[in-house]
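To start, the structure under review is shown below, and the notes come after it.
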Amino acid sequence: MTSSVLIQGYEEDDVLKLLQELLDAETSQSCADVGKKIAQLFSNDNPLVTLKTTGFLDGLERAARNKKSGFHREAAMIGFATVIKNLGTPSEVVFLPYLPTILDSFSDRGEVVRQAAKMAAQALLDCLPAGAVETRLIPSLISYLDDSSIKWPSKVAALQLLGSLASSSPKAVADYMAALIPCIKERMHDTKPEISRAAITCMLNLCSVVENNDIIPHIPKLVDCMAHPETLEACIKDLSATTFVATVESVALAVLVPILKRALAQRSQSMLRLTVIITDNLCKLVPDPAEASDFLPELIPDVERIAQTAAMPEVRALASHALTTLNKAAAAQAAKAANNSEKQALDSACKELREAVLKNTSVPHELANSIIDYVCDALAALYKSNNFDKDKWTSQLGVLYLSPLVGEELASQISSKIYDDLHAFYKSLNSVDGISNLTIEEEELVNTDFSLAYGGRLLLSHTNLHLYRGHRYGVVGHNGCGKSTLLRAIGDYKVENFPSPDEVKTCFVAHSLQGEDTSMAILDFVAQDKALLTMNVTRQEAADALHSVGFTAEMQENPVASLSGGWKMKLELARAMLQKADILLLDEPTNHLDVANIAWLEAYLTSQKNITCLIVSHDSSFLDHVCTDIIHYEGVKNQAKKLGYYQGNLSAFVKVKPEAKSYYTLTATNEKFVFPPPGILTGVRSNTRLILKMTNASYTYPNAKKKSLDNVTVGLSLSSRVAILGPNGAGKSTLIKVLIGEVIPQEGKVFKHPNLRVGYVAQHAFHHLDQHLEKTPSQYIQWRYAGGQDREVSEKESRKLTEEDRAQLQRDITVNGERRRVEALIGRQKLKKSFQYEIKWFGKPHKYNTWVSREILLENGFQKFVQAFDDMESSREGLGFRELIPEDIRAHFEDVGLPGDIADYSPISSLSGGQKVKVVIAACLWNNPQLLVLDEPTNFLDRDALGGLAVAIRDWEGGVVMISHNEEFVSALCPEHWHVEAGKVTGKGKTAVDDGKFEDLSEKDLKKIEAKATKKKKLTRNEIKAKERRARERELAWLQSPKGTEKPKSFFSDDEE
């Protein structure tokens, strides 16, 4: 140094004397004591500058590389360790360039030097902030390992240091995996066994940051495959047996792509086939093209070559399919990369920072530039991770590192200016076109920026939640966008920076009671609620709240299990009222509510002036009547999701965004459902012939005082379009259950065509799926229809054998004068207008099997066995038209609006409510049913899906019976109404359907339909003769009948009139 630098009264020579004292110390402890004295000296002034300008660090480096004195090398390492440990952050800026010197000391012959080097490396690692690990430490270690002149003990130390980062800085490791994997993989094949073993251990540690649950079980085999290429084939087979359903991010790709690339270079056609399938499946699960930007270029050339040159046609086809998927992802990534405005903004901000600092600092520019580079790298890392915590940008980064150069006040100004510029740029880049900037002078409840993710999927990215007291917000967006997840996150206080429960109290209201079987009395259920007990809500207050929503004193003593879906929802609302929430979160509140109760709910919500409501509902009229504002899930330029705010109800929102018209018109939708044609029913030539009929049926639930159904007679044909209407608890769902055989009436009969297949979607539709949440939708259908019959039907309560049924099998029946015992029904064939069944008799070989008519079996009490056999035969007949293979199942799901990738790869547990309903609808249609029974089908479906379902039902040729409180849906589809009240059913004839609900039918189309309905087919000459002959036969039969038999008005049948 040419001039002395003053440090709190010390000249440069004094610093160098202390350095010499450190080097001359006789013991390790003495070295440490001198090191502490030196650290104290520098901490009193400006360590970022003085450590370098005094020559202290250069002196330590010279001592560390002194080949003649082991004492000096040990003292230098102790000096590094002690000074780093005592100075801490931000001194790492000037110490990081000396990391190679510290690592070199791991190869020293002296054990004490190696131990001191270990202390120095650990001290440096401990003082590094998280951002520096990614921006400086990992690149330094990779560069160090790539240096072929480095001795093997130092490389082992560097590998161990890298491996330790997986636990201390997992995010930094995950972000840098694309560069780490190739570096460590090369070291795994080093000729020095010590380096190879250390690299394998390091790789296992690094791979522990992978969070993909599909890949985690395979990590040991994947690492072993990297180390031992001969295990490649076994590894690929192991991967091919895995169903990938979790989101695939860059860290998982970093591990898999090197192995896939090597597999794509093999000659084995079987291995190539498996590899392209894995590649295709993985790429479909990459949510963001940026995640794959470092890997796609590596795979595309190999997959393209296989698509053109593979020997097997199947492999070429699979490779072509995978190439299409890769190209789509690559195109999206290229489009995003083409927009380099972010890089330009960062470069501009760093240039501005550099100019401002260099203009106002007296520190040598070489040193100042090294500190500025460090700060710029850290700022860029914060920006790329979307971290806009102003304190981190200014106090914890800008002021901390720049104040030694320009003073604290100016450093704060510079860093704040950079933060404001980049934050404003980020907001403009991620802004949503058309979002209304609401300025409301009312009490503000919540105003916070946040992001929302579900599993590995980003639903909302750096958006704003802005709520005012007394406003009622309708949250709208397509199925699966995350509406219910947002409400749950708010209810659980998991939204970033959301006010605490002491400031803002939230209450989530959903269908959580559905499907529960509890015998607790309704009043006890509410009074013993844990949340209400903590609020000291009295039993009388609970009773009053229940009474306010319609529960009489008598009803409050009934068990919860006796309530219909609508009454359970009202029970939830009563609990919410008692919690006195500031924010009421309503997820599909109108599901299962009848018209009267919906009107009550509308009146209640609009009367609450101090409660803010967030409502997710697919009932457009409800949102119109209740909402003061609309929150819309908006797509933006870079495919992130934001919340857009619009004043007014749904009608006002549609005026601003015409593309949202599907909220009003059923066919103004982008979603299309196509139902498979119904199967042929043997012996049914007319669409008006009854195929399912209930006669004088009555049903009472166990322990219930009143009949749910009382002497009901109804019938259905292939042309039926029936809506079952009535208040909550009237018995609508019970009517359906009795009609389709879910339960057996205590009085009366139910006739069902033996070959009739019924597709049934229950009110609690999810109960079909509750036992299969780990399966994908495709796997669920494969399970349900494996073996040639519908397992859901065979598992119904009405199909399970009771003790009485088992006793029935032990009874003998008389056939052809002989008493025999039925062992099984094994066949069926037509017998006149009925059927006869082949019986295997107990204790007799098959050659003694006989055919017994359906009527005899029913008279002898074998109804359940006959019905089960009919169900099996009809299901087998329907499944004869389909192959239970993944390709057909995928196409079937796509026909009902569920994307094929979700059907193949997503577990049912991860699906939204609307997607689960689509799974249930698709599953019940798989065996081509002739009758579709829908209990509340509109629940959980968004407007697009609702429109698609309505059009599919309209165009379907089978019979349909449904329960729905959605008047718009019912009036558009069902000309026949059955009104249920107090167990009685009143049929109201066929009224005209409201075709105005469908925009895709023009006036010309409607005239064609009308003409088609009225046009009668002209009979041929032979058909006229046959008609007259049948009439004469009927007349002769009447003449031969007993005296007094009433003469028919006509001898022609109804079909022949």
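The backbone N, Cα and C atoms fix where each Cβ goes, glycine too.
Source: prediction; values computed, not measured.
In Swiss-Prot, the annotation phosphoserine falls on Ser733, out of Ser620, Ser686, Ser733. Considering Ser169, Ser1041, the record held by Swiss-Prot lists Ser1041, annotated as phosphoserine. Feature annotation from Swiss-Prot across Ser708, Ser798, Ser909, Ser1053 places phosphoserine at Ser1053.
Under the three-state DSSP scheme, Gly729 (ATP 2 binding site) falls in the coil class. Counting only the Cα atoms, the space from Gly731 (ATP 2 binding site) to Cys481 (ATP 1 binding site) is about 35 angstrom. A separation of roughly 50 Å, to the nearest angstrom, links the Cα atoms of Ser1041 (phosphoserine) and Asn728 (ATP 2 binding site). Fewest other C-beta atoms within 10 angstroms, among the recorded positions Ser484, Asn728, Ser733, Ser1041, are seen around Ser1041. Gly729 (ATP 2 binding site) sits 32 Å from Gly482 (ATP 1 binding site), counting Cα to Cα.
If you measure from the Cα atom of Ser733 (ATP 2 binding site) to that of Gly477 (ATP 1 binding site), you get 30 Å.
Within 10 Å of the C-beta of Cys481 (ATP 1 binding site) there are 21 other C-beta atoms, taking all protein chains into account.
Recorded residues Asn728 (ATP 2 binding site) and Gly482 (ATP 1 binding site) have their alpha carbons 29 Å apart, per Cα-Cα distance. Taking each of the binding-site residues His478, Lys483, Lys732 in turn and counting other Cβ atoms within 10 Å of its Cβ gives the largest count for Lys732. Between Cys481 (ATP 1 binding site) and Pro727 (ATP 2 binding site), the C-alpha separation comes to 32 Å. Comparing the binding-site residues Gly477, Gly482, Pro727, Gly729, Gly731 by how many other C-beta atoms lie within 10 angstroms of each C-beta, the top residue is Gly731.
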